[in-house]
Amino acid sequence: MEDKYIGLALAMSSSLAIGTSFIITKKGLMDASARTGGTDGVQASDYLQNPIWWGGMITMAIGEIANFAAYTFAPAILVTPLGALSVIIGAVLAAIFLKERLGTLGKMGCAICLMGSVIIILHAPPDKEVQTVDEILGYATQPGFMFYCTVVTLYSLFMIYKIVPKYGNTNPMIYLSICSSVGSISVMSIKAFGIALKLTLGGNNQFTHVSTYLFLIVVALCIVTQMNYFNKALDQFDTSIVNPLYYVTFTTFTLAASFILFKGFNTSSAVDIISLLIGFLIIFSGVYLLNISRSESPMVDRDREIFGVHTSKDMAPLDNGVGGFSTVRRSMQINRTSEYDNEESVGLRRFDSFEIDSGDEDTRNYRH
């Protein structure tokens with residue numbers, strides 16, 4: 001069997017495990033929060049003692065190991081987009097176990113994601129032949145990729161120390177942008193270390209090369225950072241928001257990193273390149289439909305898109321990396337529009353509790 005199809009099977013298995021792990025982890029965090037009364041947040045001692053949370057972590061570890069192996073056998077341009085399958089699995093399981101809504105648009109989104117995945121599978125090129133891990137180090141030390149790594153490092157440090165403490169609990173993209181940008185470097189390092197293992201098992205020992213250990217250190221640092229901020233996002237925001245956004249941002253950053261590292265997608269066929277781009281757009285569209293279909297209402301979606309406000313748990317992030325849950329929604333401040341005036345006249349209410357602040361003396365509070 002060709003390496004490409006081995007990687008494909010591993011990637012699909014990985015998506016199944018990771019999609020399931022999102023739900024198990026969320027259930028564990030919810031259970032830990034319930035045990036603490038749901039008001040003071042989830043401390044590390046709470047969720048680390050929760051067997052459900054550990055079940056989610058173990059399932060995710062299995063999925064990540066399969067994903068690790070998939071990058072060894074197949075190119076990132078094939079493996080990464082197939083993460084859409086984990087979004088589909090997460091959506092279906094969230095509807096069943098977390099009682100999150102999956103309507104007609106959600107089902108259409110799932111079907112569209114599958115269609116885009118098939119297109120990518122059919123047109124993904126094979127990986128470049130690599131004889132030693134030092135060859136990948138040579139790619140990684142080229143100016144283009146070094147510049148990319150520098151930008152990611154500076155951006156992540158700025159977000160972690162300046163933005164997260166103040167605004168981390170207001171928008172999931174703050175956490176997920178860190179996860180995704182750092183994750184793109186981890187994928188390249190995982191691929192390098194995986195190839196080193198593959199070559200070593202084939203009789204060409206790569207553990208005599210310093211670069212093998214260098215890639216391993218980068219993998220460890222990046223994964224710790226990813227998991228920390230992914231846990232924060234998952235704890236404070238709905239899975240229907242976190243999963244799709246994480247997929248889109250992680251895929252985009254990873255494909256950009258792969259393109260820069262290997263100076264292209266290892267294909268000269270215009271048909272393949274165009275088909276791959278179309279496949280990505282189709283998957284992104286499906287993920288978007290899946291996201292909006294599981295929101296509370298069209299009005300909430302509109303306000304979220306306009307003002308960048310998402311439903312979050314009413315608790316700032318804690319130092320241990322996992323914030324708390326609350327039964328009270330965060331009130332959203334939005335500018336008054338004539339549409340709300342019309343809705344007021346017929347007695348409609350779109351939110352359980354929110355404030356409308358026009359910024360002048362005509363400030364009103366709406367309560368359900």
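Including glycine, each Cβ sits where the backbone N, Cα and C put it.
Taking N266, N335 one by one, Swiss-Prot attaches N-linked glycosylation site to N266.
Topologically, per Swiss-Prot, N231 is found on the other side of the membrane from F265. Ranked by Cβ pairs under 8 Å to the transmembrane segment (241-261), the stretches 5-25, 51-71, 77-97 are led by 77-97. Of the two recorded stretches, the transmembrane segment (51-71) does not lie close to the transmembrane segment (144-164), with fewer than three CB pairs under 8 Å once pairs fewer than 6 apart in sequence are set aside. In this chain, the transmembrane segment (207-227) does not touch the transmembrane segment (77-97); fewer than three CB pairs sit within less than 8 A of each other, excluding pairs fewer than 6 residues apart. Here the transmembrane segment (270-290) lies next to the transmembrane segment (102-122) in space: the count of CB pairs under 8 Å, restricted to residues six or more apart, reaches at least 3. Listed as Cβ neighbours of the transmembrane segment (207-227) (distance under 8 Å, sequence separation of 6 or more from its ends, same chain) are residues 64, 132-134, 136-137, 156, 178-179, 182-183, 185-186, 189-190, 192-193, 196, 200.
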